[in-house]
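What follows is one structure encoded as structure tokens, with my remarks underneath.
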2 protein chains.
Amino acid sequence: MSSSVKRFLIGRPLKSTEIGEQKLNKLKALAILSSDALSSVAYGPEQILLVLVTVSAVAFWYSIPIAIGVIFLLAALMLSYRQIIYAYPHGGGAYVVSKENLGENPGLIAGGSLLVDYILTVAVSVSAGTDAITSAFPALHYHNVIIACLLVVFITILNLRGITESATILAYPVYLFVLALVILLVVGIYNIATGEVSPDLHAPIGTPVGGVTLFLLLRAFASGCSALTGVEAISNAIPNFKDPAPKNAAKTLLAMGGLLAILFSGIVFLAYYYGIAPKAEETVVSQIASETFGRNYVYFFIQGTTALILVLAANTGYSAFPLLAFNLAKDKYIARMFTIRGDRLGYSNGIIFLGVTSILLIIAFKGQTEQLIPLYAVGVFIPFTLSQTGMLVKWIREKPKGWIMKLSINFTGAFISFTVMMIFFITKFGQVWAVLIFLPLIVFGFHQIKNHYESVGDQLRVTTCEPAIKVKGNVIIVPVAGITHVVENSMNYAKSLNPDQIIAVYVAFEREDEKLFAEKWKKWQPDVRLVTLHSYYRSIIQPLTKFIDTVEHKASESGYRVTVLIPQFIPKKSWHNILHNQSSLLIRAYLLYRRNVIVTTVPYHLKK
Amino acid sequence: MSSSVKRFLIGRPLKSTEIGEQKLNKLKALAILSSDALSSVAYGPEQILLVLVTVSAVAFWYSIPIAIGVIFLLAALMLSYRQIIYAYPHGGGAYVVSKENLGENPGLIAGGSLLVDYILTVAVSVSAGTDAITSAFPALHYHNVIIACLLVVFITILNLRGITESATILAYPVYLFVLALVILLVVGIYNIATGEVSPDLHAPIGTPVGGVTLFLLLRAFASGCSALTGVEAISNAIPNFKDPAPKNAAKTLLAMGGLLAILFSGIVFLAYYYGIAPKAEETVVSQIASETFGRNYVYFFIQGTTALILVLAANTGYSAFPLLAFNLAKDKYIARMFTIRGDRLGYSNGIIFLGVTSILLIIAFKGQTEQLIPLYAVGVFIPFTLSQTGMLVKWIREKPKGWIMKLSINFTGAFISFTVMMIFFITKFGQVWAVLIFLPLIVFGFHQIKNHYESVGDQLRVTTCEPAIKVKGNVIIVPVAGITHVVENSMNYAKSLNPDQIIAVYVAFEREDEKLFAEKWKKWQPDVRLVTLHSYYRSIIQPLTKFIDTVEHKASESGYRVTVLIPQFIPKKSWHNILHNQSSLLIRAYLLYRRNVIVTTVPYHLKK
């Protein structure tokens, strides 16, 4: 039953050899890897204006130089990541680059930071998208959290179905969003060019404004940089591209950078020219769109695709998180289960883990995840800085052809990223301090896990340790609950193994019962020794384990091993199990983990 | 760790022999068994007025004859239950009485009805109590559901600690409530007697009122009868009394009946004399109290103890449910686990089940369980009717000394209970129809479970079936994941059992790996046959079970048994388990329940 539900939701299992068919072409890759970056166009410009408005509306002209700064940073990041793609064709991303060039801990800081960030990406973007949807249908507003959770579940299932399939479905909304914004920009600029928009709506660039401090401008710049989150996704996901993967990835990266630059600067420019001020109840993009078209169907098309892309931005997290988790798990810093490919060849444990944790975040914050945005932005710029610095070190160490050029590109990237990160810490410390606590904890956890795996490996390796102790003989203990076919079945099996001794153990709750059973047993199985134990506290496990301990202690002295043989009847239908006391289950679990005995279960399958 | 938390919450385990110390004296028994019945005084009179007010305030005088009817019914029930106590000194209650005298199905209807009713008791009374508390502290109102759930958890823990202990704690609030109401009645009646209350506040008894129909009066009577829920609790719980149990129980029953009659008629009389009309925002008891004392400390004392007793009414369910469940489980109609005494000698599974289900009900109804009250009342009068009818049949069959008197008492009880039940069905069908659906379902379930237990018993009994098949030889299959100490340890054990054949099985995901492993194995364990299986879908279980099936099929033909021996390493700390793929756990569970093979786990305990 459960397997056919699974089949319905995620499709038939794929053979390992079918992995080539799951690779992405550039068009699909651009759609699923850039949704996060592109969606930030919907809120990035607004973030800048929100800081400037604290001085006065006249200060809005500063958004133009700030946007130029952001575009400059974007260009530097694009060029740097392009170099990373060629240098690490198997999927680099900040973790691999930092670890190889800067050492273990910087790598783990970058990896841990991104790991958390992708979870935040999903929670934040799905919540934002849900807000956009429920703003349109106020009746749904009360159900925000549940809608957001269902959307996460939907995206999770889509990703479990496999990369290409989700790419096919997700490509439409991404390209529709790009189309919508391009229409907006073209019509907007055409209106301006033809003089239909009054040039008096905004203060000219360079107008002096009182009260503008460097701190404020840096804060506005840092806020605008939140539009750059998500640009590293492509460099993480190179293995998902069709061959030649690095070349295709690099082209996709440039396409994404170009689109992002055009849309971002266009929106900033229109907002400035129209003299738009941020409002609590209406987004900047919505204001520009209604200014340009009025509230007609084009307006609703723009608003609809914007809501959609905010939800789909989550998908970038789904593309990048499992690959990053795979890399960390391969290096033994997190649980090994993240290296396993699921039925549809995706790293399904990573996908499910991401889904579950982001749902938990959404529930914990009751769907109001905006407070997490600064945390999320700073969590991006830490790995940005580390990976660019790593590339710097690489060029200095290797000195390939043209390394001075490469060095200067990465140096610029590293310097700006570091600056932005510091600006975040200085101007928004109250919102980002948590990073300084949880990042060290995560890195500590990584080390703990690695230590454990290495210690286990050492203990299991046949060559390095003394050989396992030889078994000189066997004692079999059979806990019996009555004189039944189940017990008979187990007894026959125990005898067939020819052990040195078989002991049947009966736990009685009352004295009379104890005697009565011993007599019955003598008649039934005269050749098997029976030990009866009295239980004062109505527990079977307590007296039983005490007895087993005694036997085990004696046996181990002479090199004998103790096997506890548990008779168990298996009902025909699985729901019947709740009708039977699961003592055998408890005994089994308890003995296996706490005691040094072998546990054997002899099933007796009921026919009715 | 978890065991010390348990110790802290419910106390040290008690020996089976300490059961005598857990018995109740009359004073404590009255407190914990009558809280449900007594608490209904807080809402019973109001229920009558709520029906009468639909005609006019003049009709309020009808509450006096209606109350007399209720008291008459109460007296009949008390006398009948007194007879039941003596006739069934081991704890009768409706289930036992109906089953013995009327047959299986009437017994099951009574039992199923009460089982559900006790759950409703807990949910309804805790919700009502919570409402009373949060009305006093409006800031808490938003958290109603969570407060109600915490109260249920608290009462559950109290009951898990044991009967006497919970009785000691719960006796104070019950007696304080009785004291509070007695003060109210005495002062109220004194005021009336001294002429301080104007006699013009109410219409005199007998005033003609237009629009009063028989249907309406019956409806008011049925509503008033909801005050009688809980009176059967004592007859269910006789085994909890100190010896001589039946005598003590009968005395306690009469004390409870007397208290209930005095308090109920007193409140109805005061409400009538003061001319009090039911209000949405203030209870009738609160109105009487503030009329009598003003809003001083006596008023708040009355209100406080009322809120408390509403919560504690739940405790009656906790006293009666586990004993009823025990009786049903002993007769194999529900799962056997309800017969087991916990650490503190209470039937802890019943207590926990009651707690969990009522919490689920509270959550499902978002703490608004008032809608369940009619359902709950009708669920009481079904077993009332059945048990009284059962006694009727008993007297007719046995004809003991003075049987005519006994017969007429139970006949009266049966007749009135049946009438009230029919009134409920006729006047409130819209609210109680659900009983007609779920009761048959429950009874059907009871039969299904009994059938299962009997079929299992038949199949296990050694005398009735053919003997278990003898084992002619053994084949041991060892799934191996590598060349490690864990595998070595298992191999040594397998060899020590001297089976007819040992087969090591390796599941490979890649072709090269398959060959490589086979070569390594040949060098390491040349005397053990290795089978390598290729997995196309990255699953270990699928190819493994297919192989095991083939071997099992062949082996069973010649009377051989197949043992699957699973090497497992046990980490030092249990949290480490999440870091390792639990394939062995999965394989074990799968094989045990689906296949006819013996499963043996050979643990290898890691030292670090």
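Just so you know, glycine gets a Cβ as well, placed from its N, Cα and C.
Annotation source TrEMBL lists transmembrane segment at A:48-79 (among others). Non-local neighbours of the transmembrane segment (A:48-79) in the same chain are 202-207, 209-212, 216-217, 219-221, 223-225, 227-228, 231, 253-254, 257, 260-261, 264-265, 268-269, 271-272, 275-278, 284, 384, 409, 412-413, 416-417, 420; each lies 6+ residues outside the stretch with a CB under 8 Å from one of its CB atoms.
Annotation comment: TrEMBL describes A:108-128 (among others) as transmembrane segment.
Per TrEMBL, the feature transmembrane segment maps to A:140-160 (among others). Tertiary proximity for the transmembrane segment (A:140-160) is limited to same-chain residues at least six positions away from its ends with a CB under 8 Å from its CB atoms, namely 9-10, 122, 126-127, 129-131, 133-134, 166, 169-170, 311-312, 314-315, 318-319, 342, 344, 346, 348, 351-352, 354-355, 358-359, 362-363, 366-367.
Taken from TrEMBL, the feature transmembrane segment applies to A:172-193 (among others). Among residues of the same chain six or more beyond the transmembrane segment (A:172-193), those with a C-beta under 8 A of the stretch's C-beta atoms are 30-32, 34-35, 38-39, 41, 259, 262-263, 266-267, 269-270, 273, 288-289, 292-293, 298, 301-302, 305-306, 308-309, 312.
Annotation comment: TrEMBL describes A:205-231 (among others) as transmembrane segment.
Taken from TrEMBL, the feature transmembrane segment covers A:252-277 (among others). Long-range contacts of the transmembrane segment (A:252-277) within its own chain (CB-CB distance under 8 A, at least 6 residues past either end) are made by residues 26, 29-30, 33-34, 37-38, 41, 44-45, 48-49, 53, 57, 60-61, 63-64, 67-68, 70-71, 74-75, 77-78, 81-82, 85, 178, 181-182, 184-185, 188-189, 192, 197, 199, 201-202, 227, 231, 234-235, 241, 284-285, 287-288, 291-292.
Summarising the annotation, TrEMBL assigns transmembrane segment to A:297-326 (among others). Beyond its flanks by at least six residues, the transmembrane segment (A:297-326) meets 32-40, 42, 91, 93, 95, 111, 114-115, 118-119, 121-122, 125-126, 128-130, 132-133, 136, 151-152, 155-156, 158-159, 163, 166, 170, 173-174, 176-177, 179-181, 183-184, 230, 232-233, 236-237, 239-240, 283, 285-286, 289-290, 334, 338-339, 346-351, 353-354, 358 of its own chain at Cβ-Cβ distances under 8 Å.
According to TrEMBL, the transmembrane segment annotation covers A:347-367 (among others).
Panel annotation: around the transmembrane segment (A:373-395), residues 77, 80, 83-84, 87, 92-95, 97-98, 100-102, 106-107, 109-111, 113-114, 116-117, 120-121, 124, 222, 225-226, 228-230, 232, 403, 406-407, 410-411, 413-414, 417-418, 420-421, 424-425, 428, 431-432, 434-435, 439 of the same chain, lying at least six beyond its termini, place a Cβ under 8 Å from a Cβ of the stretch. Sequence annotations record features per position, and here TrEMBL assigns transmembrane segment to A:373-395 (among others).
What TrEMBL records for A:407-426 (among others) is transmembrane segment. Within its own chain, the transmembrane segment (A:407-426) has Cβ neighbours under 8 Å at 72-73, 76-77, 79-80, 83, 215, 218-219, 221-222, 225, 374, 377-378, 381-382, 384-385, 388-389, 391-392, 395-396, 432, counting only residues six or more beyond its boundaries.
Per TrEMBL, the feature transmembrane segment maps to A:432-449 (among others).
Annotation: stretch A:108-128 has the most Cβ pairs under 8 Å to the transmembrane segment (A:205-231), among A:108-128, A:347-367, A:432-449. With a cut-off of 8 Å between Cβ atoms, the residues of this chain six or more beyond the transmembrane segment (A:347-367) that come close are 118-120, 122-123, 126-127, 130-131, 144-145, 148-149, 152-153, 155-156, 159-160, 314, 317-318, 321-323, 325-326, 337-341.
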